[in-house]
Amino acid sequence: VGFKAGVKDYKLTYYTPDYETKDTDILAAFRVTPQPGVPPEEAGAAVAAESSTGTWTTVWTDGLTSLDRYKGRCYHIEPVPGEESQFIAYVAYPLDLFEEGSVTNMFTSIVGNVFGFKALRALRLEDLRIPTAYVKTFQGPPHGIQVERDKLNKYGRPLLGCTIKPKLGLSAKNYGRAVYECLRGGLDFTKDDENVNSQPFMRWRDRFLFCAEAIYKSQAETGEIKGHYLNATAGTCEDMMKRAVFARELGVPIVMHDYLTGGFTANTTLAHYCRDNGLLLHIHRAMHAVIDRQKNHGMHFRVLAKALRMSGGDHIHAGTVVGKLEGEREITLGFVDLLRDDFIEKDRSRGIYFTQDWVSLPGVLPVASGGIHVWHMPALTEIFGDDSVLQFGGGTLGHPWGNAPGAVANRVALEACVQARNEGRDLAREGNDIIREACKWSPELAAACEVWKEIKFEFEAMDTL
(Lines of atoms letter the chains of each structure in order from A and count residues from 1; the text may use other names and numbers.)
(Lines give C-alpha, C1' and ligand atoms only; values in the text may rest on other atoms or scores of the structure.)
Protein backbone atom coordinates (compact mmCIF):
# COMPACT_ATOMS: atom_id res chain seq x y z
CA VAL A 1 0.00 0.00 0.00
CA GLY A 2 1.40 3.40 -0.99
CA PHE A 3 0.05 5.28 2.05
CA LYS A 4 -0.23 4.78 5.80
CA ALA A 5 -3.76 3.65 6.60
CA GLY A 6 -5.42 4.27 9.93
CA VAL A 7 -7.19 6.83 12.07
CA LYS A 8 -5.43 10.19 12.17
CA ASP A 9 -4.26 12.56 14.85
CA TYR A 10 -5.74 15.83 13.56
CA LYS A 11 -3.21 18.10 15.16
CA LEU A 12 -0.29 16.70 13.19
CA THR A 13 -1.83 18.05 9.99
CA TYR A 14 -4.26 20.79 10.92
CA TYR A 15 -2.69 22.59 13.90
CA THR A 16 -0.11 25.01 12.47
CA PRO A 17 0.75 27.74 15.00
CA ASP A 18 3.51 29.10 12.74
CA TYR A 19 1.15 29.74 9.82
CA GLU A 20 1.15 33.30 8.46
CA THR A 21 -2.42 34.08 7.36
CA LYS A 22 -2.84 35.21 3.77
CA ASP A 23 -4.85 38.25 2.66
CA THR A 24 -7.04 35.90 0.63
CA ASP A 25 -7.83 33.50 3.49
CA ILE A 26 -11.24 33.41 5.10
CA LEU A 27 -10.54 33.61 8.84
CA ALA A 28 -12.91 32.25 11.47
CA ALA A 29 -12.98 32.60 15.26
CA PHE A 30 -14.66 29.64 16.95
CA ARG A 31 -15.56 29.36 20.63
CA VAL A 32 -14.77 25.70 21.31
CA THR A 33 -15.97 23.64 24.28
CA PRO A 34 -14.27 20.24 23.91
CA GLN A 35 -15.28 17.00 25.60
CA PRO A 36 -13.32 16.41 28.83
CA GLY A 37 -9.83 15.12 28.11
CA VAL A 38 -9.57 16.50 24.58
CA PRO A 39 -6.63 18.95 24.46
CA PRO A 40 -7.26 22.38 22.89
CA GLU A 41 -4.79 21.83 20.02
CA GLU A 42 -6.49 18.59 19.02
CA ALA A 43 -9.99 20.11 19.28
CA GLY A 44 -8.98 23.23 17.34
CA ALA A 45 -7.31 21.11 14.67
CA ALA A 46 -10.40 18.88 14.50
CA VAL A 47 -12.58 21.93 13.83
CA ALA A 48 -10.25 23.06 11.04
CA ALA A 49 -10.17 19.58 9.54
CA GLU A 50 -13.88 18.77 9.70
CA SER A 51 -14.88 22.13 8.20
CA SER A 52 -12.42 21.82 5.28
CA THR A 53 -10.64 18.82 3.73
CA GLY A 54 -10.49 16.35 6.59
CA THR A 55 -12.13 13.03 7.16
CA TRP A 56 -11.71 10.72 10.12
CA THR A 57 -9.25 8.34 8.48
CA THR A 58 -6.51 8.50 5.89
CA VAL A 59 -7.91 7.84 2.43
CA TRP A 60 -6.18 6.64 -0.74
CA THR A 61 -7.37 9.70 -2.71
CA ASP A 62 -5.49 12.09 -0.39
CA GLY A 63 -2.52 11.31 -2.61
CA LEU A 64 -4.27 12.74 -5.67
CA THR A 65 -4.41 16.29 -4.36
CA SER A 66 -2.33 18.78 -2.43
CA LEU A 67 -3.62 18.85 1.12
CA ASP A 68 -1.32 21.71 1.96
CA ARG A 69 -2.99 23.87 -0.62
CA TYR A 70 -6.57 23.16 0.39
CA LYS A 71 -6.66 22.37 4.09
CA GLY A 72 -8.09 24.62 6.78
CA ARG A 73 -5.54 25.44 9.47
CA CYS A 74 -5.98 26.14 13.15
CA TYR A 75 -3.31 28.82 13.52
CA HIS A 76 -3.95 30.25 16.98
CA ILE A 77 -5.66 29.26 20.22
CA GLU A 78 -6.47 31.63 23.06
CA PRO A 79 -8.17 30.98 26.39
CA VAL A 80 -11.53 32.53 27.22
CA PRO A 81 -11.17 34.59 30.43
CA GLY A 82 -13.23 33.07 33.23
CA GLU A 83 -14.03 29.87 31.34
CA GLU A 84 -11.91 26.87 32.28
CA SER A 85 -13.10 24.52 29.58
CA GLN A 86 -13.43 26.96 26.68
CA PHE A 87 -11.08 28.59 24.24
CA ILE A 88 -11.17 30.54 20.99
CA ALA A 89 -9.72 28.67 18.01
CA TYR A 90 -8.72 30.72 14.98
CA VAL A 91 -8.97 28.88 11.68
CA ALA A 92 -7.76 30.02 8.25
CA TYR A 93 -9.42 28.63 5.12
CA PRO A 94 -7.86 28.91 1.66
CA LEU A 95 -10.11 30.89 -0.66
CA ASP A 96 -10.23 28.06 -3.22
CA LEU A 97 -12.45 26.02 -0.90
CA PHE A 98 -15.43 28.28 -1.62
CA GLU A 99 -17.65 28.95 -4.61
CA GLU A 100 -17.63 32.58 -5.71
CA GLY A 101 -20.67 34.64 -4.76
CA SER A 102 -22.29 31.88 -2.68
CA VAL A 103 -23.03 32.48 1.00
CA THR A 104 -24.76 29.10 0.89
CA ASN A 105 -21.55 27.30 0.00
CA MET A 106 -19.48 29.27 2.50
CA PHE A 107 -21.80 28.33 5.35
CA THR A 108 -22.11 24.71 4.25
CA SER A 109 -18.37 24.36 4.77
CA ILE A 110 -17.66 26.57 7.76
CA VAL A 111 -20.76 25.85 9.83
CA GLY A 112 -21.70 22.50 8.32
CA ASN A 113 -21.17 19.02 9.76
CA VAL A 114 -18.47 20.19 12.14
CA PHE A 115 -21.15 21.45 14.55
CA GLY A 116 -22.28 17.89 15.20
CA PHE A 117 -18.75 16.63 15.81
CA LYS A 118 -18.56 14.25 18.79
CA ALA A 119 -15.20 15.39 20.20
CA LEU A 120 -16.77 18.78 20.95
CA ARG A 121 -19.38 19.52 23.61
CA ALA A 122 -20.29 22.77 21.88
CA LEU A 123 -19.06 25.05 19.12
CA ARG A 124 -19.88 28.65 18.31
CA LEU A 125 -18.73 30.72 15.36
CA GLU A 126 -18.02 34.17 16.82
CA ASP A 127 -16.77 36.05 13.76
CA LEU A 128 -15.54 35.70 10.18
CA ARG A 129 -13.04 37.77 8.24
CA ILE A 130 -14.17 37.87 4.62
CA PRO A 131 -11.17 38.66 2.40
CA THR A 132 -11.58 41.47 -0.13
CA ALA A 133 -11.02 39.00 -2.98
CA TYR A 134 -14.10 37.05 -1.88
CA VAL A 135 -16.18 40.15 -1.09
CA LYS A 136 -15.69 41.25 -4.69
CA THR A 137 -17.50 38.14 -5.96
CA PHE A 138 -20.74 39.31 -4.29
CA GLN A 139 -23.16 41.95 -5.50
CA GLY A 140 -24.20 42.70 -1.93
CA PRO A 141 -27.11 45.00 -1.03
CA PRO A 142 -29.27 45.92 -4.04
CA HIS A 143 -28.80 49.67 -3.46
CA GLY A 144 -27.22 50.66 -0.16
CA ILE A 145 -27.70 53.61 2.14
CA GLN A 146 -26.85 56.55 -0.13
CA VAL A 147 -28.92 55.32 -3.07
CA GLU A 148 -31.86 54.67 -0.77
CA ARG A 149 -31.74 58.22 0.59
CA ASP A 150 -31.63 59.59 -2.95
CA LYS A 151 -34.58 57.42 -4.03
CA LEU A 152 -36.63 58.51 -1.01
CA ASN A 153 -35.33 62.10 -0.95
CA LYS A 154 -34.92 61.92 2.85
CA TYR A 155 -31.72 63.15 4.47
CA GLY A 156 -30.22 64.00 7.85
CA ARG A 157 -32.44 61.87 10.06
CA PRO A 158 -33.29 58.25 10.80
CA LEU A 159 -36.23 56.81 8.84
CA LEU A 160 -39.44 55.84 10.62
CA GLY A 161 -41.36 52.61 10.17
CA CYS A 162 -44.18 50.64 11.72
CA THR A 163 -45.22 47.00 11.57
CA ILE A 164 -48.94 46.61 10.89
CA LYS A 165 -50.74 44.76 13.71
CA PRO A 166 -52.65 42.60 14.42
CA LYS A 167 -50.22 40.72 12.28
CA LEU A 168 -52.56 37.92 11.33
CA GLY A 169 -56.29 38.12 10.68
CA LEU A 170 -56.94 41.44 8.93
CA SER A 171 -58.55 41.43 5.49
CA ALA A 172 -56.55 43.01 2.68
CA LYS A 173 -58.69 46.14 2.54
CA ASN A 174 -58.52 46.80 6.27
CA TYR A 175 -54.81 46.11 6.17
CA GLY A 176 -54.35 48.69 3.42
CA ARG A 177 -56.39 51.14 5.46
CA ALA A 178 -54.06 50.71 8.45
CA VAL A 179 -51.07 51.27 6.13
CA TYR A 180 -52.61 54.46 4.74
CA GLU A 181 -53.32 55.91 8.19
CA CYS A 182 -49.73 55.36 9.36
CA LEU A 183 -48.14 56.79 6.22
CA ARG A 184 -50.50 59.78 6.17
CA GLY A 185 -49.53 60.59 9.76
CA GLY A 186 -45.86 60.98 8.92
CA LEU A 187 -44.09 57.61 8.83
CA ASP A 188 -41.76 56.82 5.93
CA PHE A 189 -42.52 53.10 5.85
CA THR A 190 -44.97 50.52 7.06
CA LYS A 191 -44.14 46.84 7.20
CA ASP A 192 -45.70 43.47 6.60
CA ASP A 193 -45.13 41.29 9.60
CA GLU A 194 -42.58 38.57 8.87
CA ASN A 195 -45.21 35.84 9.06
CA VAL A 196 -47.61 37.56 6.68
CA ASN A 197 -47.05 35.66 3.43
CA SER A 198 -50.19 34.51 1.63
CA GLN A 199 -52.68 33.01 4.06
CA PRO A 200 -56.35 32.15 3.54
CA PHE A 201 -57.59 35.34 5.24
CA MET A 202 -55.40 37.57 3.04
CA ARG A 203 -53.83 36.41 -0.20
CA TRP A 204 -50.65 38.17 -1.23
CA ARG A 205 -51.99 39.73 -4.42
CA ASP A 206 -54.92 41.43 -2.69
CA ARG A 207 -52.63 42.78 0.02
CA PHE A 208 -50.14 44.12 -2.53
CA LEU A 209 -52.91 45.97 -4.39
CA PHE A 210 -54.45 47.63 -1.36
CA CYS A 211 -51.04 48.56 0.08
CA ALA A 212 -49.99 50.12 -3.23
CA GLU A 213 -53.19 52.17 -3.18
CA ALA A 214 -52.40 53.29 0.38
CA ILE A 215 -48.87 54.31 -0.67
CA TYR A 216 -50.01 56.40 -3.64
CA LYS A 217 -52.82 58.05 -1.69
CA SER A 218 -50.57 59.02 1.24
CA GLN A 219 -47.83 60.25 -1.12
CA ALA A 220 -50.29 62.53 -2.88
CA GLU A 221 -51.50 63.85 0.45
CA THR A 222 -48.16 64.47 2.16
CA GLY A 223 -45.84 65.27 -0.73
CA GLU A 224 -43.33 62.75 0.67
CA ILE A 225 -42.20 59.46 -0.80
CA LYS A 226 -43.71 56.53 1.10
CA GLY A 227 -43.12 52.80 1.15
CA HIS A 228 -44.55 49.58 2.52
CA TYR A 229 -42.35 46.49 2.91
CA LEU A 230 -44.31 43.98 0.85
CA ASN A 231 -43.24 40.56 2.09
CA ALA A 232 -42.29 38.45 -0.92
CA THR A 233 -41.24 35.43 1.16
CA ALA A 234 -42.93 32.30 -0.19
CA GLY A 235 -42.79 28.52 -0.17
CA THR A 236 -40.86 28.32 -3.43
CA CYS A 237 -38.37 30.62 -5.17
CA GLU A 238 -40.71 30.84 -8.15
CA ASP A 239 -43.56 32.15 -5.99
CA MET A 240 -41.20 34.58 -4.29
CA MET A 241 -40.10 35.98 -7.65
CA LYS A 242 -43.72 36.20 -8.84
CA ARG A 243 -44.47 38.44 -5.85
CA ALA A 244 -41.40 40.61 -6.42
CA VAL A 245 -42.31 41.03 -10.10
CA PHE A 246 -45.86 42.05 -9.20
CA ALA A 247 -44.53 44.59 -6.69
CA ARG A 248 -42.36 46.07 -9.42
CA GLU A 249 -45.35 46.25 -11.78
CA LEU A 250 -47.28 48.17 -9.13
CA GLY A 251 -44.41 50.65 -8.99
CA VAL A 252 -43.84 50.40 -5.23
CA PRO A 253 -40.36 51.24 -3.88
CA ILE A 254 -39.56 48.31 -1.58
CA VAL A 255 -40.15 44.60 -0.94
CA MET A 256 -39.21 42.39 1.98
CA HIS A 257 -37.76 38.94 2.63
CA ASP A 258 -37.23 36.67 5.64
CA TYR A 259 -33.68 35.71 4.80
CA LEU A 260 -33.05 32.90 7.27
CA THR A 261 -36.31 31.01 6.84
CA GLY A 262 -36.30 31.76 3.11
CA GLY A 263 -32.67 30.72 2.79
CA PHE A 264 -29.56 32.38 1.39
CA THR A 265 -30.02 31.04 -2.13
CA ALA A 266 -33.50 32.55 -2.39
CA ASN A 267 -32.32 35.76 -0.75
CA THR A 268 -29.43 36.30 -3.15
CA THR A 269 -31.72 35.61 -6.12
CA LEU A 270 -34.18 38.21 -4.85
CA ALA A 271 -31.41 40.74 -4.13
CA HIS A 272 -30.15 40.46 -7.71
CA TYR A 273 -33.67 41.00 -9.04
CA CYS A 274 -34.11 44.02 -6.76
CA ARG A 275 -30.95 45.71 -8.03
CA ASP A 276 -31.85 45.03 -11.66
CA ASN A 277 -35.33 46.46 -11.16
CA GLY A 278 -34.82 49.35 -8.75
CA LEU A 279 -36.56 47.80 -5.75
CA LEU A 280 -35.22 48.33 -2.24
CA LEU A 281 -35.02 45.15 -0.14
CA HIS A 282 -35.96 45.01 3.54
CA ILE A 283 -34.68 41.97 5.41
CA HIS A 284 -36.24 40.39 8.48
CA ARG A 285 -34.19 37.99 10.60
CA ALA A 286 -36.91 35.59 11.82
CA MET A 287 -35.23 32.43 13.20
CA HIS A 288 -31.98 34.19 14.11
CA ALA A 289 -32.37 33.44 17.82
CA VAL A 290 -32.49 29.70 17.09
CA ILE A 291 -28.95 30.10 15.76
CA ASP A 292 -27.45 32.93 17.79
CA ARG A 293 -29.03 32.93 21.24
CA GLN A 294 -26.89 30.28 22.93
CA LYS A 295 -23.59 31.67 24.17
CA ASN A 296 -21.72 28.40 23.66
CA HIS A 297 -23.18 26.96 20.50
CA GLY A 298 -24.36 28.18 17.10
CA MET A 299 -23.11 31.42 15.64
CA HIS A 300 -23.16 35.04 16.67
CA PHE A 301 -25.53 37.41 14.92
CA ARG A 302 -22.58 39.44 13.62
CA VAL A 303 -21.76 36.49 11.35
CA LEU A 304 -25.36 36.34 10.10
CA ALA A 305 -25.21 40.11 9.55
CA LYS A 306 -22.01 39.86 7.49
CA ALA A 307 -23.55 37.03 5.48
CA LEU A 308 -26.61 39.16 4.77
CA ARG A 309 -24.49 42.06 3.56
CA MET A 310 -22.84 39.67 1.11
CA SER A 311 -26.09 38.00 0.03
CA GLY A 312 -27.91 41.31 -0.25
CA GLY A 313 -30.42 43.46 1.63
CA ASP A 314 -30.89 47.20 2.16
CA HIS A 315 -32.37 47.04 5.68
CA ILE A 316 -31.93 44.42 8.38
CA HIS A 317 -33.35 44.11 11.89
CA ALA A 318 -30.59 44.51 14.45
CA GLY A 319 -32.13 44.76 17.93
CA THR A 320 -32.84 47.99 19.80
CA VAL A 321 -30.08 48.31 22.45
CA VAL A 322 -32.47 50.39 24.57
CA GLY A 323 -33.16 48.88 27.94
CA LYS A 324 -30.56 46.15 27.40
CA LEU A 325 -27.34 45.67 29.33
CA GLU A 326 -24.39 47.97 28.76
CA GLY A 327 -22.20 45.18 27.35
CA GLU A 328 -24.81 44.34 24.78
CA ARG A 329 -24.91 47.94 23.64
CA GLU A 330 -21.25 47.81 22.59
CA ILE A 331 -21.65 44.43 20.91
CA THR A 332 -24.77 45.57 19.04
CA LEU A 333 -23.07 48.75 17.87
CA GLY A 334 -20.18 46.57 16.72
CA PHE A 335 -22.30 44.65 14.24
CA VAL A 336 -24.29 47.76 13.33
CA ASP A 337 -20.99 49.28 12.16
CA LEU A 338 -20.16 46.05 10.32
CA LEU A 339 -23.42 46.53 8.42
CA ARG A 340 -23.04 50.23 7.61
CA ASP A 341 -19.36 51.07 7.31
CA ASP A 342 -16.79 50.41 4.62
CA PHE A 343 -13.89 49.50 6.89
CA ILE A 344 -14.16 48.23 10.47
CA GLU A 345 -11.15 47.85 12.76
CA LYS A 346 -10.72 44.82 14.99
CA ASP A 347 -12.09 45.69 18.43
CA ARG A 348 -12.58 42.88 20.91
CA SER A 349 -14.47 45.09 23.38
CA ARG A 350 -17.22 45.30 20.73
CA GLY A 351 -16.95 41.63 19.78
CA ILE A 352 -15.15 42.33 16.51
CA TYR A 353 -12.44 39.68 16.18
CA PHE A 354 -11.05 40.74 12.79
CA THR A 355 -10.52 43.91 10.81
CA GLN A 356 -13.06 43.80 7.96
CA ASP A 357 -12.65 45.67 4.68
CA TRP A 358 -15.83 45.68 2.58
CA VAL A 359 -14.17 47.41 -0.41
CA SER A 360 -17.11 49.61 -1.37
CA LEU A 361 -19.77 46.90 -1.02
CA PRO A 362 -22.92 48.98 -0.31
CA GLY A 363 -23.99 49.29 3.33
CA VAL A 364 -27.14 48.04 5.05
CA LEU A 365 -29.42 50.21 7.23
CA PRO A 366 -29.90 48.67 10.69
CA VAL A 367 -33.53 48.51 11.80
CA ALA A 368 -34.35 49.00 15.49
CA SER A 369 -37.68 47.46 16.34
CA GLY A 370 -39.40 45.71 19.20
CA GLY A 371 -40.96 47.29 22.26
CA ILE A 372 -39.88 50.86 21.60
CA HIS A 373 -41.99 54.03 21.95
CA VAL A 374 -41.69 57.83 21.94
CA TRP A 375 -39.79 58.03 25.24
CA HIS A 376 -37.00 55.96 23.66
CA MET A 377 -36.57 58.36 20.74
CA PRO A 378 -33.66 60.41 22.18
CA ALA A 379 -31.76 57.23 23.08
CA LEU A 380 -32.36 55.68 19.67
CA THR A 381 -31.33 58.85 17.83
CA GLU A 382 -28.16 59.05 19.90
CA ILE A 383 -27.23 55.38 19.61
CA PHE A 384 -28.06 54.63 15.99
CA GLY A 385 -27.47 58.03 14.40
CA ASP A 386 -29.01 59.07 11.09
CA ASP A 387 -28.38 55.89 9.13
CA SER A 388 -31.03 53.67 10.65
CA VAL A 389 -34.71 52.79 10.50
CA LEU A 390 -36.65 53.10 13.76
CA GLN A 391 -39.72 50.89 13.81
CA PHE A 392 -42.55 51.42 16.27
CA GLY A 393 -45.28 48.80 15.86
CA GLY A 394 -47.30 48.96 19.06
CA GLY A 395 -45.62 52.32 19.66
CA THR A 396 -47.62 53.70 16.72
CA LEU A 397 -50.76 51.58 16.57
CA GLY A 398 -51.17 51.62 20.35
CA HIS A 399 -51.83 55.36 20.38
CA PRO A 400 -55.18 56.04 22.06
CA TRP A 401 -56.40 58.17 19.13
CA GLY A 402 -55.48 55.73 16.37
CA ASN A 403 -52.79 55.05 13.78
CA ALA A 404 -52.37 58.45 12.15
CA PRO A 405 -52.00 60.35 15.46
CA GLY A 406 -49.62 57.60 16.60
CA ALA A 407 -47.52 58.23 13.49
CA VAL A 408 -47.64 61.99 14.11
CA ALA A 409 -46.39 61.49 17.68
CA ASN A 410 -43.41 59.46 16.49
CA ARG A 411 -42.52 61.87 13.70
CA VAL A 412 -42.72 64.90 16.01
CA ALA A 413 -40.58 63.15 18.63
CA LEU A 414 -38.00 62.23 15.99
CA GLU A 415 -37.83 65.70 14.45
CA ALA A 416 -37.51 67.23 17.93
CA CYS A 417 -34.60 64.91 18.80
CA VAL A 418 -32.81 65.53 15.51
CA GLN A 419 -33.22 69.29 15.88
CA ALA A 420 -31.99 69.21 19.49
CA ARG A 421 -28.98 67.15 18.47
CA ASN A 422 -28.18 69.53 15.61
CA GLU A 423 -28.32 72.43 18.06
CA GLY A 424 -25.67 70.65 20.11
CA ARG A 425 -27.85 69.50 23.00
CA ASP A 426 -26.97 66.30 24.82
CA LEU A 427 -29.67 63.74 24.07
CA ALA A 428 -28.37 61.39 26.75
CA ARG A 429 -28.90 63.93 29.54
CA GLU A 430 -31.76 66.04 28.20
CA GLY A 431 -33.76 63.39 26.36
CA ASN A 432 -36.80 63.53 28.63
CA ASP A 433 -36.92 67.33 28.55
CA ILE A 434 -36.69 67.43 24.75
CA ILE A 435 -39.69 65.12 24.46
CA ARG A 436 -41.63 67.08 27.11
CA GLU A 437 -41.00 70.39 25.33
CA ALA A 438 -42.19 68.93 22.03
CA CYS A 439 -45.41 67.78 23.73
CA LYS A 440 -46.42 71.42 24.17
CA TRP A 441 -47.00 71.90 20.47
CA SER A 442 -48.17 68.39 19.61
CA PRO A 443 -51.25 67.07 21.38
CA GLU A 444 -50.67 63.72 19.62
CA LEU A 445 -47.23 63.40 21.20
CA ALA A 446 -48.58 64.51 24.59
CA ALA A 447 -51.18 61.73 24.45
CA ALA A 448 -48.52 59.16 23.50
CA CYS A 449 -46.25 60.29 26.33
CA GLU A 450 -49.12 59.90 28.76
CA VAL A 451 -49.84 56.31 27.66
CA TRP A 452 -46.25 55.09 27.95
CA LYS A 453 -45.02 57.32 30.76
CA GLU A 454 -44.74 54.58 33.37
CA ILE A 455 -42.21 52.77 31.20
CA LYS A 456 -38.83 53.78 32.58
CA PHE A 457 -36.34 55.71 30.47
CA GLU A 458 -32.90 54.54 31.61
CA PHE A 459 -30.20 56.25 29.65
CA GLU A 460 -27.55 57.55 32.04
CA ALA A 461 -25.03 54.84 31.34
CA MET A 462 -23.79 56.39 28.09
CA ASP A 463 -21.67 58.81 30.15
CA THR A 464 -19.34 56.00 31.20
CA LEU A 465 -17.96 55.53 27.70
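Cβ atoms are placed via backbone N, Cα and C, with glycine included.
Listed by Swiss-Prot as binding substrate are Asn113, Thr163, Lys167, Arg285, His317; the candidate from Ser66, Ser218, Ser360, Ser369 that the record includes in that site is Ser369.
Using a 10 Å Cα-Cα cut-off around Lys191 (Mg(2+) binding site), the recorded positions Lys4, Asn113, His317 reduce to an empty set. Residue pairs drawn from Asn113, Thr163, Lys167, Arg285, His317, Ser369, the listed substrate binders, are separated by up to 37 Å at the Cα level. Remark: of the recorded positions Lys4, Lys165, Lys191, His284, Arg285, the most isolated position is Lys4 (fewest other Cβ atoms within 10 Å of its Cβ).
In this structure, the binding-site residues Lys167, His317 were compared by how many other Cβ atoms lie within 10 Å of their Cβ, and the smallest count belongs to Lys167. Scoring each of the binding-site residues (Asn113, Ser369) by how many neighbouring Cβ atoms lie within 10 Å, the top position goes to Ser369.
In this structure, Asn113 (substrate binding site) is part of a helix by DSSP.
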